[in-house]
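Scroll down for the structure; my scribbles are underneath it.
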Ligand SMILES: Nc1ccn([C@@H]2O[C@H](COP(=O)(O)OP(=O)(O)OP(=O)(O)O)[C@@H](O)[C@H]2O)c(=O)n1
Ligand SMILES: C[C@](O)(CO)[C@H](O)COP(=O)(O)O
């Protein structure tokens, strides 16, 4: 079986409010994005890596690779206006059959072991989506109404990687973009495929706000000390 990873890094990081998009910010001495690619390169299944980046940042990325002597083989593809478009651009580069894992560049703490689990689970079930169970109490509030509680044992917070048979993904990504396509699972589900959840990792945080970068730094520092 062929394993392919699409790492989406085409975003602006507007919620982070920095001059450089968050995927390029330094984490333990190197850009966030390099940690993410390293995790995939360390996965025992040795997936082929496709990196989706805004076209105006390709040169900058190549400079960063030289500066950090970064040698992991990957194919560079141009990003799109929405995450959906970036994934679509990555998919266009894939020929033949295989299992494809899509991952946010800004989740640099993903473990190589979870990547392998996700690929293998998708191979069996058609797709595999990482998620962790809610630990806080959860309520839903519809505009103009009082907030009502939900059963947190039934609430899962969805992460990436999300892996799929290429056939499912290609069919799903023929659909037009919708605002409620917040991840790949929502696109594939809309195309008629049931979604399979796999336990994620609580440390696999998405760097969205400044404090997330501080938290990621702490996790990595702690891991380094433990190793
Ligand atoms: N047009 C886009 C938008 C997002 N992404 C990627 O999708 C992942 C998850 O998106 P998010 O955390 O929302 O990143 P940004 O869009 O950069 O952040 P923000 O919404 O704060 O601007 C990120 O790795 C981001 O680079 C992408 O490849 N192409
Ligand atoms: C794909 C994702 O990371 C799954 O949790 C999430 O939906 C991305 O959301 P964002 O608003 O684009 O950060």
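Cβ coordinates come from backbone N, Cα and C, glycine included.
According to TrEMBL, the protein carries these features:
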SITE      15  site 'Transition state stabilizer'
SITE      22  site 'Transition state stabilizer'
SITE      152  site 'Positions MEP for the nucleophilic attack'
SITE      206  site 'Positions MEP for the nucleophilic attack'
Candidates near ligand 2 among the recorded sites 15, 22, 152, 206, judged by a Cβ under 6 angstroms: 206
Inter-residue C-alpha distance, residue 15 (site 'Transition state stabilizer') and residue 22 (site 'Transition state stabilizer') (nearest angstrom): 9
Sequence-distant neighbours of residue 206 (site 'Positions MEP for the nucleophilic attack') in its chain (C-beta under 8 A, six or more apart): 104, 106, 107, 159, 212
Long-range Cβ environment of residue 152 (site 'Positions MEP for the nucleophilic attack'), under 8 Å and at least 6 residues apart: 133, 134, 135, 136, 137, 138
Site of maximum Cβ density within 10 Å, from recorded sites 15, 22: 22
